[in-house]
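K.L.:
Here you go, one structure.
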Amino acid sequence: MSTNCEVRYAASTREVKTMDTKALRDEFLVQNLMTKDGIKWVYSHYDRYMIAGVVPVNTEVKLEIVDALKADFFLQRRELGIINIGGTGVVTVDGTEYTIAHKEALYLGQGNKNVSFSSPSADTPAKFYLNSTPAHKAYPNKKIGINDVEQIELGAPETANARTLRKYIVNSVVDVCQLQMGMTTIKTGSSWNTMPAHVHDRRMEVYFYFEIPEDQAVCHFMGETNETRHIWMGNEEAVISPPWSIHSGSGTSSYSFIWGMAGENLDYGDMDVCPTNELK
Ligand SMILES: O=C(O)C(=O)C[C@H](O)C(=O)CO
Ligand SMILES: [Zn+2]
């Protein structure tokens, strides 16, 4: 079993304007996240947000401390959101087992010491997507089943942005310090997520794209509204969105993504919408 952690520093708007394709991808794109029998973390200096994937197949995978945290245990000063995009899995937290089915979630508050991930079936392993943020208070752990999520329909076929947005870890569903997570699925025939685009300088965000067919891709848009950039993304890849950046995408097929964010407030609706015809 292995745990590793890559640290990504925060880039400024001035720096990003000068980046070529490789530099942009190295800075913001996160590939090969879903690690079999191990955990790969990316620690972003934007709001000290941590992103990981774990696919327990043959062994139980422990949530191990990483050096970047300089803590006694992983959740000593952090909270953790977990969404399972694979087969049914089990998360064991200080002796309590939570069975997490496909597209169910678990919130773990600050202070939990022993956390591990396992799959009842190696043929259909769980695929846990993990986001973690600094926490100042210990809120109770909570499983979020499919009936607990807040679901809203957005967009329309006429504007190719019809999609279903599901809020899993938001403060109207579960008490949190700063973490918010949810899932958006684009309807067949539509391609755009988060269009009209928005910026929320109060919060950074991370998108994890999945359910992209093998031979298809999503073009993710980022940057300032008058200086946008794009990153082509494949299945089960994540992209870091700085607080000053738009985050939107258009796929060559339908797809889903998990959004996660943290920062100044817990107000999901706090967004500055960018008029579509003013994007450059
Ligand atoms: O499709 C959308 O719109 C989204 O999923 C938007 C994200 O939830 C978001 O950017 C929240 O700030
Ligand atoms: Zn956003």
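Heads up, the Cβ atoms here are built off N, Cα and C, so glycines get one too.
TrEMBL labels come from automatic prediction, so no person has curated them.
From TrEMBL, for reference:
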- H198, H200, E205, H247: Zn(2+) binding site (BINDING)
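Can you tell me where each of these features sits in the structure?
P.N.:
The Cβ neighbour count for H198 (Zn(2+) binding site), using a 10 Å radius and every protein chain shown, is 16.
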K.L.:
What other residues of this chain sit with their CB within 8 A of the center of the CB atoms of H198, H200, E205, H247, the recorded Zn(2+) site?
P.N.:
T194, A197, V199, R203, S241, P243, S245, I246, M261, M271
